[in-house]
Structure formats: C-alpha cells, structure tokens
Amino acid sequence: MKEELIERFTRYVKIDTQSNEDSHTVPTTPGQIEFGKLLVEELKEVGLTEVTMDDNGYVMATLPANTDKDVPVIGFLAHLDTATDFTGKNVKPQIHENFDGNAITLNEELNIVLTPEQFPELPSYKGHTIITTDGTTLLGADDKAGLTEIMVAMNYLIHNPQIKHGKIRVAFTPDEEIGRGPAHFDVEAFGASFAYTMDGGPLGGLEYESFNAAGAKLTFNGTNTHPGTAKNKMRNATKLAMEFNGHLPVEEAPEYTEGYEGFYHLLSLNGDVEQSKAYYIIRDFDRKNFEARKNTIENIVKQMQEKYGQNAVVLEMNDQYYNMLEKIEPVREIVDIAYEAMKSLNIEPNIHPIRGGTDGSQLSYMGLPTPNIFTGGENYHGKFEYVSVDVMEKAVQVIIEIARRFEEQA
C-alpha cells in the first residue's frame, strides 16, 4: 500500500492544477481537465464503474456494493486543484524515508530549510516516510494526498472482497481552492446519502464545523498627474487601498487569530496611482459575527465614498460558503461512524473547527452532509508543505473502515 501511495502521489503532484480566481471558465485552468482525464482512465483501470467526467471537469465513479444488505450510499471526495498562494508549476517532490526528525534542507542553493524551530510538529514524524517540496513550489498535498488515498482505498476494497461494503461513490472536484468547488456539482447524479471529504491535515483530524466565508474585491480609482504639479489634483489609488486596510482591526487577521476566532485577510493588493485592486477574504464561525464583518467592510467603503466620491471605491462582495455544522448535526451518526473507525485503528480523533473551507461546507447546504477527514499533510499552500506517507496509509485505513462499518451497522 505504501508503495502505491508514493507512486500515485508523486506522479499526481507533478501535474500543475492550480485554480485561477480571475478565470471565468469551468474549471478555471486546463491542468485540472488534464488531471481529470487521467483519473478517469485510472479509475477504470482500478475497476470502478459508472466513471464519468462532465463538461465542467467533475469526475465521478462507483464502487458497487458487495453485500445484500440495504446500506446507505456513501461518498468520498477530494479536489483536483491546488492553491493559488504559491506556484504549483514544476513540482519536484522529495522523498525522505525513515525521517530522523531533524531539519531538512529543501534547497541547498537557495538555502531553504524546513526546521523544527519554525515548524515544531516536525519531530513527531520521526521514523516516517515524508514527502517534501524542493523549496521552489508548493507540494499539492492539499488535496492530492486525499485524492491519492481515495484511489488507493478503492483499489484495496476491490482486491479484498472479504471486506463487505455498500455502494460507494467517488468524486473529484475542480476549483475548491477558490471557493467554487461545488458550484456545478450534481448532488442528485452523485446519488449518495452522505459523504466525506478527504481534505484535512494531520493524523486524527475529523472536522464538521467550518467558517462562514465571503470574498470581497475592492477597486480603488485614483487620479494620476505629474507629481511636480500634483497638489490638490492627484488622488493616489494605492494610498486609498492602504487607508481602507488601516480601518480594519489589526488584531483580527489570520496571523493573530486561532480556534473559533474570525478574521479579515488581505489576500492580494496590486496597482498604481491610477487604480489599485485589493482582494479580501472574510471568515467567522458565528453567523452573526460573519454578517457584522461584512457590514464593517461595507461601512468603511461608504465612509470613503462620502469622503472621496462614489467611484473612488467600488466593492464586489459575495458569500462563498457557510458553517456546515448546522447541516451535520441532524445526521450526527456520520461523524460517530468516522470517530469509531479511527478509534478502532488506534487513531485518536482530533475534533476541531476547520479554519478554512472544504467542498463539504457547500455540499452540506446542497443536501449532501459532508464532514472532513485528515490526509496527513502539513503547512499547506507554501514551499514548506509536506506529507507523511505513514499518515496517508492511516487515512486509507479509515476510508476502508468507514465503508465496512456502514455495512456492518445496516
């Protein structure tokens, strides 16, 4: 199993599947189409049936039931795309067997080192096989680790028919990282009662609370003139963006928050004197606080429009997803089964809110309750990202055990 995990994962991460916030196609990048087509062929090779890829790049497949019991149809999902925060082109995965727990030089030439001082969890992976980047790209374990685990689990179940299970549906979705993952997901065609996203982090992660999330695009329009004669004429759009950001509470940013605390996050800022564009994400677990944060954004914009003119600041703000807890609680047994599956494998479940989003956040509101399960990755979205193959193996075992328990309890 370990060899298959390594082979699939290292091959998958070399395919550039970063999504693109500025694209209006579905999926937003051609790499996701390329990857989806590859997975269609590999799902067929593994032995799954009803393998499809629609015009929007959504891949679905079925592992038929091998029991006569009336078992609820369950699904396992992962996403095709990788994050936009750091380059995902020309990923060169580095395999470190029997990791010694000490610092790893990712790139000697650029002096990029993964250290326990910066990442204190690193020594806990001593003895594991871990896969890192070469320091110049992200790894893409988010979510190609989860995708790999689903592929390996389905392959294992097909080759071990003594493990009884109901019908299992698999789906791989595009554009999760930019909040569009389930936008064109056909819940009815998927046909599952419940599902799990394999899109978590370290060992034991079991998540069914997520942020409420919104995105805000702000365009600041200035007036450019020669700086030598600019008095009372120039309006600097970049300074307008700085002024806007200055109105937000400094301590309510990702770098100062944890647990159930929400935040405003300036994701990007580009521009010049004439025009600047800023993109923020707004996050909070509590719906009232979430709405209050959006109101804060709107009020700052209104104040600046009153001061500088209506066209000085233009706001586009959209909700992206909501806290899935509301939709998971009525079917709490799906969390309990995952919890029991982990305990039976001597994995201590770590239940905590997702300080992020998964496809499950939106799918739960579309009628498909979908908690999230660990994959073994750490430090997502950057050059220090890595994954433990040993933990990936545990994740595969959890998928198998969940399928077995649904059949057993039917």
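Cβ coordinates come from backbone N, Cα and C, glycine included.
The Zn(2+) 1 binding site annotation in Swiss-Prot covers His79, Asp142, Asp199. Taking Cβ-Cβ distances under 8 Å and a sequence gap of 6 or more within the same chain, the neighbours of Asp142 (Zn(2+) 1 binding site) are Thr82, Ala83, Glu177, Asp199, Thr375, Gly377, Tyr380, His381, Glu385.
Under the heading active site, Swiss-Prot lists Asp81. DSSP assigns Asp81 (active site) to coil in the three-state reduction, placing it in neither a helix nor a strand.
Among the features that Swiss-Prot reports, Zn(2+) 2 binding site is placed at Asp142, Glu177, His381. According to DSSP, Asp142 (Zn(2+) 1 binding site) sits within a helical segment.
DSSP classifies Glu176 (active site, proton acceptor) as helix under the three-state reduction. The Cβ of Glu176 (active site, proton acceptor) lies under 8 Å from the Cβ of Ser19, His79, Leu80, Asp81, Asp143, Asp199, Gly357, Thr358, Asp359, each on the same chain and at least six residues away in sequence. For Glu176, the entry in Swiss-Prot reads active site, proton acceptor, with the evidence type sequence analysis.
His79 (Zn(2+) 1 binding site) counts 27 other C-beta atoms within 10 Å of its own C-beta, drawing on all protein chains shown. A simple way to gauge crowding: the CB of Asp199 (Zn(2+) 1 binding site) has 30 other CB atoms within 10 angstroms, across all the protein chains here. In sequence order, Thr82, Ala83, Thr84, Asp85, Leu138, Asp143, Tyr380 are the residues of the same chain, not among Asp142, Glu177, His381, whose CB sits within 8 A of the CB centroid for the Zn(2+) 2 site.
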